[in-house]
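Visitor: Feature annotation from Swiss-Prot assigns region 'Nucleotide-binding domain (NBD)' to 3-388. Marked as ATP binding site by Swiss-Prot on the basis of similarity to another entry: 14-17, K73, 204-206, 270-277, 341-344. What Swiss-Prot lists as region 'Substrate-binding domain (SBD)' is 396-511, and the listing cites similarity to another entry.
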Amino acid sequence: MAAAKGTAIGIDLGTTYSCVGVFQHGKVEIIANDQGNRTTPSYVAFTDTERLIGDAAKNQVAMNPQNTVFDAKRLIGRKFNDPVVQSDMKLWPFQVINEGGKPKVMVSYKGEKKAFYPEEISSMVLTKMKETAEAFLGYTVTNAVITVPAYFNDSQRQATKDAGVIAGLNVLRIINEPTAAAIAYGLDKAGQGERHVLIFDLGGGTFDVSVLTIDDGIFEVKATAGDTHLGGEDFDNRLVSHFVEEFKRKHKKDISQNKRAVRRLRTACERAKRTLSSSTQANLEIDSLYEGIDFYTSITRARFEELCADLFRGTLEPVEKALRDAKMDKAKIHDIVLVGGSTRIPKVQRLLQDYFNGRDLNKSINPDEAVAYGAAVQAAILMGDKSEKVQDLLLLDVAPLSLGLETAGGVMTVLIKRNSTIPTKQTQIFTTYSDNQPGVLIQVYEGERAMTRDNNLLGRFDLTGIPPAPRGVPQIEVTFDIDANGILNVTAMDKSTGKANKITITNDKGRLSKEEIERMVLDAEKYKAEDEVQREKIAAKNALESYAFNMKSAVSDEGLQGKISESDKKKILSKCNEVLLWLEANQLAEKDEFDHKRKELEQVCNPIITKLYQGGCTGPSCGTGYTPGRAATGPTIEEVD
């Protein structure tokens with residue numbers, strides 16, 4: 001595939017589902033994957049023979065829960081001992097281990113134990129999205145804009161960028177999901193004077209509320225709030241707990257420790273939840289859920305709303321907080337935009353509508369696709385797309401948390417306030433605390449609390465070589481500079497000597513080293529090559545099987561009676577049966593073996609078939625009846641739990 005210089009894609013890398021779009025011919029195309037779905041599960045599965053990504057991974061999760069990884073976004077850029085990681089680990093069927101303070105996912109792949117960083121798992125999902133786009137466009141794509149929740153701190157943003165690099169992408173920019181949704185929305189509503197927009201994004205795993213103003217193509221994020229751990233999965237969990245209790249009541253058995261039963265129940269619950277957005281009742285039918293017991297039951301929308309009542313009501317708190325931070329009254333909001341699949345839930349819409357005194361909600365954009373839509377537009381802008389639709393757009397993002405440094409007594413001195421528009425640069429003069437102090441320790445924090453001990457330390461460095469002087473005399477100029485990706489550079493300079501030191505905040509030790517990233521890039525290519533070998537192997541196997549079946553049906557065709565001698569017919573049938581028996585016994589053979597068997601079979605069949613043709617074949621099996629490599633006549637799909 002040739003690479004096209006001018007195309008960049010937008011990827012919404014979600015906790016549970018991901019989506020990819022491209023801006024071309026003046027409009028955004030959201031691209032369907034090989035299964036025809038416009039969103040792809042953010043799942044990666046490892047088996048004894050292969051690696052699966054997306055739908056294929058999610059579909060086999062009930063059979064292989066320990067080796068099917070999802071929710072990598074909850075791990076990315078976090079430390080192993082982060083309370084979020086520790087509490088999530090209790091809910092995951094896969095194993096998370098601690099390697100040097102960082103979490104890694106441990107799975108069994110091709111019979112060996114393997115540990116992957118969250119960045120690697122996310123990179124596999126990104127690779128899948130990249131390939132989805134390439135299949136649609138017909139050429140290689142490397143440039144991309146990737147979105148993250150507005151809440152992501154610096155190390156989570158860096159780690160997401162690393163995942164893009166491992167996937168072979170040139171990450172043009174990391175942008176906030178609500179900002180991306182606003183772009184999608186702003187494109188549709190250009191030229192209406194200043195508008196205040198509230199974006200309510202309730203996805204599979206995260207919840208974000210953002211307040212922005214859009215004025216003549218300029219977007220400004222005024223405030224963001226939310227809950228990094230609220231979404232569709234939590235509603236699924238409530239349903240699962242409800243049905244586990246119901247199963248206990250009805251059958252006096254506890255299924256909660258049986259991972260496969262719980263996973264099958266969860267799949268049915270997710271389906272029921274979706275059904276309840278359009279119907280008032282949903283039925284669950286799960287055959288042989290546990291110890292041979294069939295579980296047939298139903299749930300009403302009202303009961304579902306009751307089970308999740310506190311979670312649904314809780315979505316309004318971040319709405320109030322975002323409005324407070326933006327210093328905006330709710331009556332001043334022009335548009336309320338719904339993003340994320342969970343905003344389809346009628347109760348959530350009703351609560352939001354009531355809070356805004358019955359105002360209409362904007363549902364014009366497909367909530368699952370809005371973020372990828374905006375990312376695709378932003379990608380086109382960064383690639384210099386000159387079409388009128390995108391030319392007038394300017395994007396102003398914000399810093400999600402206040403940034404500052406520690407001064408005497410452990411006080412947090414803020415240089416960049418939370419919700420400041422980025423990119424931004426702030427400079428302040430500091431001085432020494434004691435006489436003849438030879439150096440200062442610059443400690444950089446993010447957070448909203450008055451004391452640094454309650455905030456998050458991002459990094460520290462020393463500025464040494466300050467000439468002896470009384471306290472308060474030296475002038476140390478400290479500059480905080482955040483670039484468009486939200487990456488922070490802090491510089492300190494002694495004005496008397498011009499001596500300076502700086503740090504790029506890539507969260508302490510939280511980031512992968514250049515070597516690690518390079519190793520992961522190579523690993524990713526290796527896994528991709530292995531996947532390719534596996535695909536070719538399956539294709540060769542299928543081609544052999546279908547050729548054998550086609551030959552069998554061709555020579556047994558009524559229309560060939562009298563055209564083919566019994567001995568020839570027998571010869572073909574016995575060779576076909578021999579090959580099919582060999583196939584059954586050698587499912588895991590190599591591609592060459594399948595190809596070799598097919599040649600063997602062709603050597604027997606071709607002379608006979610050629611003879612038939614020359615004899616002027618007329619039966620219905622003539623022509624296409626025995627084209628080698630036609631699809632196998634056996635079943636090609638399998639039921640999913």
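Note: Cβ is positioned from N, Cα and C throughout, glycine not excepted.
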Visitor: Counting other Cβ atoms within 10 Å, pick out the least crowded of the binding-site residues G14, G205.
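Guide: Among the binding-site residues G14, G205, the sparsest Cβ neighbourhood within 10 Å belongs to G205.
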Visitor: Can you work out the mean pLDDT of the predicted model over the region 'Nucleotide-binding domain (NBD)' (3-388)?
Guide: 91
Visitor: Relative to the Cβ position of S277 (ATP binding site), how many further Cβ atoms are located within 10 Å?
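Guide: Counting Cβ neighbours of S277 (ATP binding site) within 10 Å gives 18.
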Visitor: When DSSP states are grouped into helix, strand and coil, how many residues of the region 'Substrate-binding domain (SBD)' (396-511) land in each?
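Guide: Residue counts in helix, strand and coil order: 3 helix, 61 strand, 52 coil.
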Visitor: Sequence gap of 6 or more, C-beta under 8 Å: which same-chain residues meet both conditions with respect to Y17 (ATP binding site)?
Guide: T39, T40, P41, S42, G203, G204, G341, D368
Visitor: In terms of DSSP three-state secondary structure, what is the assignment for T343 (ATP binding site)?
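Guide: Where T343 (ATP binding site) sits, the three-state DSSP reduction gives helix.
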Visitor: Name the secondary structure element type, per DSSP in three states, that contains R271 (ATP binding site).
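Guide: Going by the DSSP assignment, R271 (ATP binding site) falls within a helical segment, counted as helix.
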Visitor: Which number gives the other C-beta atoms within 10 angstroms of the C-beta of R271 (ATP binding site), all protein chains shown included?
Guide: 14
Visitor: Look up G205 (ATP binding site) in the DSSP assignment and report helix, strand or coil.
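Guide: Reduced to three states, the DSSP call for G205 (ATP binding site) is coil.
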